[in-house]
Amino acid sequence: MEKTRGKNPKQVTWVLLLKAHRAVGRVARIATLFWDLLGTIKRRLIFRQDVAMATEKLGKGKLLFAAIKAFLLTSLAILSFEVVAYFNGWHCFQNPSLHIPSDDDIQGLLHLVYVTWLPFRADYIAPLIQALSKFCVALFLVQSADRFMLSLGCFWIKYKKIKPRIEGDPFKSGDVEGCSYEFPMVLVQIPMCNEREVYEQSISAVCQLDWPKDRLLIQVLDDSNDESIRYLIKAEVATWSQRGINIIYRHRLERTGYKAGNLKSAMSCEYVKAYEFVAIFDADFQPSPKFLKQTVPHFKDNPELGLVQARWAFVNKDENLLTRLQNINLCFHFEVEQQVNGVLLNFFGFNGTAGVWRIKALEESGGWLERTTVEDMDIAIRAHLNGWKFIFLNDVKVLCEVPESYEAYRKQQHRWHSGPMQLFRLCLPAILTSKIAIWKKANLILLFFLLRKLILPFYSFTLFCIILPLTLFVPEAELPVWVICYVPVFMSFLNILPSPKSFPFIVPYLLFENTMSVTKFNAMVSGLFQLGSSNEWVVTKKAGRSSESDLVAATERESKITNQQHIPRGSSQSEFTEYNELKEQKEAAPIPIKKVNKIYRKELTLAFLLLAASVRSLLSAQGVHFYFLLFQGVTFLLVGLDLIGEQMS
């Protein structure tokens with residue numbers, strides 16, 4: 001009574017008006033958010049971020065887009081029925097088995113449609129999903145058996161301590177300059193394109209290779225279209241050239257064929273004929289000074305050897321969760337896949353960098369071709385078909401970076417999974433008609449391409465991103481617990497064994513791999529059916545990071561070289577002037593701004609959806625069934641729209 005004594009009708013009116021104003025404001029905000037959502041959908045479907053897409057560019061992907069749209073609409077329609085059924089209590093029957101209510105229990109037309117849908121779902125939809133799930137489970141078991149056998153092979157190699165060894169001392173003396181006739185002629189190539197962040201440390205590391213200067217030539221193959229970056233790289237090359245390093249800067253006027261075209265152009269130079277081997281390093285790779293002495297001697301007295309591949313080591317593997325998860329996959333790739341295939345088969349896919357090729361092997365295999373985005377795998381297949389053998393050195397590590405942003409990693413994975421399918425279409429006739437043994441042909445077709453490049457993304461996407469969420473729609477089609485949990489967890493443990501420090505990240509790794517299957521499946525389909533994005537090539541962004549020990553050593557070497565640096569007396573005035581101009585341009589170049597990493601909501605949503613679907617399959621609780629259905633419907637919408645927009649662009 002005391003609180004309301006001082007109030008009058010006018011004050012009460014103002015309070016009610018204020019509350020009404022707040023309510024109208026909330027409704028307006030909700031309407032604005034909904035309108036923005038519709039605008040985003042329109043841009044993704046039609047404009048793809050304000051860029052008009054012509055209908056004729058869809059080409060071969062038109063049928064795929066129609067199938068995705070139909071699947072999305074069907075999923076949303078079924079979701080609507082399930083939402084209504086949940087609120088009305090139609091699906092909450094007392095009997096655990098399917099129960100169809102009598103005519104007296106029918107509450108309306110929509111209830112009748114839902115009741116009609118139940119037997120149709122059990123008799124027609126569930127068997128189809130069950131048959132597809134059995135097919136995918138069979139592929140899943142085959143691929144799991146392949147990975148298990150690779151792991152056993154790795155354990156056997158470790159137990160027997162099998163590794164390539166150099167017989168005797170390949171160099172007669174420790175005096176490098178005094179016995180240069182023992183060292184073969186080696187060409188080192190550094191292909192790069194707009195690599196502002198990493199060009200300096202890469203050129204610096206290669207120029208410090210422990211090899212006679214008169215037996216070594218370094219080619220900096222710059223495809224940059226940014227003039228300021230070209231000036232920076234020229235200045236760096238000029239700096240090392242003044243220090244007595246045999247280094248050449250090359251820039252193509254026509255940038256065709258991407259990296260393959262760059263390497264092909266460099267190998268066409270006349271002076272390349274004087275060299276026996278070529279070492280290739282991407283712009284972010286930093287080989288140790290002993291790299292050539294650890295790799296080139298393996299070619300001695302081994303004329304059938306065409307390639308020596310070193311392992312990658314990552315300076316930024318602990319930078320964030322994304323780099324940690326990438327480190328798990330790449331450690332398994334090098335420690336298990338590359339090492340086992342190298343020891344048992346003398347063949348593996350060339351990683352495109354940190355390797356030394358015999359130039360004769362490249363020439364006899366047809367050289368670099370511009371027909372795919374995986375030119376490294378292409379040349380490896382053709383060299384294998386010509387009878388050349390490969391060696392993988394697990395003990396020789398070359399420092400490099402992994403992508404730190406999801407945007408860069410996603411584009412890299414798209415290229416790595418689209419290119420192999422495109423290459424498989426092109427080289428299948430050559431494999432079938434080659435003169436190699438039948439078991440080698442079977443290994444290439446069945447294991448190398450079909451199982452590891454096609455079946456893996458197909459079953460992982462279909463089984464864990466389609467069938468598993470569909471079991472929420474169709475409870476009659478259930479997946480066994482061992483398919484959902486036991487086998488994936490066991491295989492994840494095998495994948496993490498080469499990097500034991502990553503065991504705390506096993507759950508994020510499992511969800512991350514299932515989520516990435518969307519991108520990998522999309523890339524595989526693009527490459528297999530030659531869609532528009534199959535020829536997409538985007539240079540992976542780097543951060544230019546180095547380990548602390550490397551930075552200290554580089555600083556010490558830089559100080560020593562600077563103290564001893566002098567311009568040779570034979571240098572002309574024009575060269576000296578050009579060197580000073582390049583140095584000034586390098587100092588005046590703007591400092592690049594570091595971009596903030598983007599967060600992709602659909603991948604995160606899909607990851608939690610898969611976890612929720614797994615938990616639901618284990619618990620089978622009706623109370624949480626509706627929330628999983630709602631979560632699943634929204635996620636399918638986001639994923640489908642992104643797939644459509646990505647293919648259209």
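Cβ atoms are placed via backbone N, Cα and C, with glycine included.
Taken from TrEMBL, the feature transmembrane segment covers 63-87 (among others).
With a threshold of 8 Å between CB atoms, the same-chain residues lying at least 6 positions outside the transmembrane segment (124-142) that come near it are 451, 455, 458-460, 462-463, 467, 470-471, 474, 476-477, 479-480, 483, 487. The transmembrane segment annotation in TrEMBL covers 124-142 (among others).
As a whole-number mean, the pLDDT of the domain 'Glycosyltransferase 2-like' (278-480) in this prediction is 92. The annotation domain 'Glycosyltransferase 2-like' is assigned in TrEMBL to 278-480.
Residues or ranges marked as transmembrane segment by TrEMBL: 444-473 (among others).
TrEMBL lists 479-497 (among others) with the feature transmembrane segment. Outside the transmembrane segment (479-497), and at least 6 residues removed from its termini, the chain residues within Cβ reach (under 8 Å) are 133, 137, 140-141, 144, 147-148, 151, 328-329, 332, 463, 467-468, 471, 503, 505-506, 509-510, 513, 614, 617-618.
Look at TrEMBL and you will find 625-644 (among others) tagged as transmembrane segment.
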